[in-house]
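The block underneath contains the structure these notes are about, expressed in structure tokens.
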Amino acid sequence: MTDPGRSQAADGRSTGRPAASAAARRTSLLVTLILGGLTAVPPLSMDMYLPALPEVTDALRSPAATVQLTLTACLMGMALGQLVVGPMSDKWGRRRPLLAGMVIYVLATAACALAPDAGLLIAFRLLQGLAGAAGIVIARAVVRDLYDGVAMARFFSTLMLISGVAPVAAPLIGGQILRLTDWRGVFVVLTAIGLLLTLLVWRRLDETLPPDRRQAGGLGEALRAMRGLLADRVFTGYMLAGGFAFSALFAYISASPFVIQAIYGASPQTFSLLFGVNSVGLVVVGQINGKLLVGRVSMDKVLAVGLSVIAVASAALLVMASGVFGRVGLAPVAAGLFVLMSAMGLAMPNTNAQALMRSGNAAGSASALLGTSTFLLGAVASPLVGIAGEGTAVPMAAVQLACALAALVCFAGLCRPWRKRPEASDGPEGAAGTTGSERAEGAGAAERTATGVTEATADTAAA
């Protein structure tokens, strides 16, 4: 029988590591909301701004292609910023890099609201993305500090419930802001949100990485940690599987407005409703994963099912889009998209949890690699959906299927879940830079440190 004082690996066996779930049970609701808010910074920064793009084009007298670069700059900033902030948080702890990043995010967002031309807006958006990356990369690292095994996967599902609302609410909030003011008002609201999160981090989020678990050395040590992580075949497999799965989601976000409205003739209101329903499906399945499946079923088995469902749904969408069986209506396409989106709730939390369990004391570097690969693969996949123009859904479905198959190949070929392997939480020494016993001691330190971060309140992650 498993010792309740020890954490469990993906297959349910004891890792020998002191259970981080003890810290999980004490994590306060407010800290959970803070971490969820930090992971919501990227979708808020990207999606709240979308309804304002036509107005920005007119107001700054710039071509639409130039204004589109404000989105690209923010996306690339968030991808590259994670590579910088993640290793910094392993060296100096979580609080200082996070607070510095959030302060710069607030200043950059305020500068966006004051930008007099498109060139400066692009520059400020790049800085906004670079700084905003601190929120998402350090939030994941904090989860790794406090949790292990199934408890970590459960908490990622809880974060998905919080951050999953952001992509749905952000365009709606942006649209309502534009009814009251101009496009600059969107950045004023984002500045206020960033300032609130910064104050909450300052006042209520304590350090979770004690000095004895921090990485020594400078940039060279950080690069060695990343090289060690990438040399870990299993970590790389989970990283790429999650990145390709999320790329299928990026393809959906990029193409669905044109597919649903231009091809199938739905109104903007109908599209918003379908988009919201699909997002709810993702969040609900993510909660089923965290509350019912994790701890009872191997995370690898759940992940295999999730990736397989994404692939099957993408194949069905491709068949419908190609017209092999004649033109189909909106309902079957909407059903296929709903299944695909919902399956993301099985894939994303488990790829993150399995990869981070192999990171040891390099959780910040691991989180940076996970985030950067996701954003870069998504940035490559998104433009591909427009290759054949706006009159067909074939490119969207084809890109989604290619991404799903790539995720399955990476998962099966690199992770090899059917084989026994070393316990996930005692990942390769090259990746973590520490021995298994040192990581076990570090886990105990994290649990002790968690007392300063937590309040004896609701058990929000491990219901």
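Positions of Cβ are set from backbone N, Cα and C atoms, glycine also.
All TrEMBL annotations are machine predictions without curation.
The compositional bias 'Low complexity' annotation in TrEMBL covers 12-21, 429-463. Marked as domain 'Major facilitator superfamily (MFS) profile' by TrEMBL: 29-420. Residues annotated as region 'Disordered' in TrEMBL: 1-21, 421-463. The transmembrane segment annotation in TrEMBL covers 27-45, 65-85, 97-116, 122-143, 155-173, 185-205, 234-264, 270-290, 302-322, 328-347, 368-388, 394-415.
Packing against the transmembrane segment (97-116) from elsewhere in the chain are residues 38, 41, 45, 81, 85, 88-89, 124-125, 127-128, 130-135, 138, 184-185, 187-188, 190-191, 194-195, 197-198, 201-202, 205: each is 6 or more residues past its ends and has a CB under 8 Å from a CB in it. Between the transmembrane segment (368-388) and the transmembrane segment (270-290), the number of CB pairs under 8 angstroms, six or more residues apart, is fewer than three, so the stretches are not in contact. Counting Cβ pairs under 8 Å to the transmembrane segment (27-45), the top-ranked stretch among 122-143, 185-205, 270-290, 394-415 is 122-143.
With a threshold of 8 Å between CB atoms, the same-chain residues lying at least 6 positions outside the transmembrane segment (185-205) that come near it are 30-31, 34, 37-38, 41, 44-45, 48-49, 52, 95, 98-99, 102-103, 105-106, 109-110, 112-113, 132, 135, 142, 173-174, 177-178, 453.
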